[in-house]
Amino acid sequence: MKRLRPSDKFFELLGYKPHHVQLAIHRSTAKRRVACLGRQSGKSEAASVEAVFELFARPGSQGWIIAPTYDQAEIIFGRVVEKVERLSEVFPTTEVQLQRRRLRLLVHHYDRPVNAPGAKRVATSEFRGKSADRPDNLRGATLDFVILDEAAMIPFSVWSEAIEPTLSVRDGWALIISTPKGLNWFYEFFLMGWRGGLKEGIPNSGINQTHPDFESFHAASWDVWPERREWYMERRLYIPDLEFRQEYGAEFVSHSNSVFSGLDMLILLPYERRGTRLVVEDYRPDHIYCIGADFGKNQDYSVFSVLDLDTGAIACLERMNGATWSDQVARLKALSEDYGHAYVVADTWGVGDAIAEELDAQGINYTPLPVKSSSVKEQLISNLALLMEKGQVAVPNDKTILDELRNFRYYRTASGNQVMRAYGRGHDDIVMSLALAYSQYEGKDGYKFELAEERPSKLKHEESVMSLVEDDFTDLELANRAFSA
């Protein structure tokens, strides 16, 4: 199937002014377009324009937007809906039907204006939002086009076994967009279409073998919006280097599964072992301390990290397992008293009310910081990683601590979601305890961590839209030619 390309006339009808990277994507006729762009660079907007163009320019076309989750798919789906409703006011030979809850959009095409006598429906174009976390639901369809959003987070098997076969009958096209996540299949597909020569941030660029069906596009966020470069460079000061390079620089980083890429900047301190405690320094009356408390149950360890807020160094770390709730709280109270009644930041999620009641009963000054979601965990860990890269994290020079930090990694779930956890059957109690403690630390550059509020999921509801407006375009074929290059 020959891919039609949208024209400037079509862009004008949408009120859309593509920047140079978006325009290159639209002008490409490759069957597999791979766009690796930084955040807020217009990937989703360009993808939505491509979908709308197909729905109008090729009556009867069938296409999907597929993302790691339905919430992510809904972003581009929603943009497509907005644009389709706008265009339906221009073309009286079309009728739009939206089923919001099912993420299903229909564009009915007629042989004359819909409200004209004898109007006959000649074709129906369909666009649907899909999630990659249920691959079996992607099988069996026959499609003209597919858009993959955040493709680097989707397992390759979902593409090869479920998605690509849907394009085989009609020789359909795929637009594969994402920020990079290491050197996975998205990286390999990107190299198959990259013809830009050697470029920093793209390993093996310049020596890669290309495929005639592929064309790739690459740009950091500041390449697209050069006037905002200063803002992006400022952001670099507040997020981990690895995250910045991937999310904004659109770099393919080979060691991206390691959460703490700044381990070489970690300050290691001599300590004295006293029972279950690793003591770097005893209490200093003129200093303020806080304790990050990660409680363990069953085979997990409980870890209490005492942070000197004046120096930014861990003064003491206590690690134990097999202790009852009462025993854990008793030890935490003793540790707090030994460091001037240091206040405690405690992860109370998943341990029930028993811990909170025990903390209250013991009169411990504590702030609950429940790590109740992957979002909260990621924010805490990212803050610790950022401080580490700045050389502002100091811990006892202990093999167990270093191994746990080194083995804390990014993983991809079967549904394509990225999670942080210990390697294999390892523990992450030390990591979480340190992250809780350092969430209270004001860095040497004045940076202070603040936990962002989680946004509630949007409610979905059934919605039906019918738009019939007459305009100069009265003939469907003429209308199609008007915005097809």
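Heads up, the Cβ atoms here are built off N, Cα and C, so glycines get one too.
Among the residue ranges 145-150, 151-156, 313-318, 433-438, the one that Swiss-Prot annotates as motif 'Walker B motif' is 145-150. Between the stretches 124-131, 204-211, Swiss-Prot puts its motif 'Walker A motif' entry on 124-131.
Spacing of Asp428 (site 'Possible stabilization of Magnesium 1') relative to Asp347 (Mg(2+) 2 binding site) is 13 Å (Cα to Cα, whole number).
Most Cβ neighbours within 10 Å among the recorded positions Glu150, Asp294, Asp300, Asp428: this distinction goes to Asp294. Counting only same-chain residues six or more apart in sequence, the Cβ atoms lying under 8 angstroms from the Cβ of Asp347 (Mg(2+) 2 binding site) belong to Ala293, Asp294, Phe295, Leu369, Pro370, Val371, Met432, Leu436. Reported as a whole number, the C-alpha separation between Asp300 (site 'Modulates nuclease activity') and Gln97 (ATP binding site) equals 53 Å. Every protein chain shown contributes to the tally, and the Cβ of Gln99 (ATP binding site) ends up with 14 other Cβ atoms within 10 Å.
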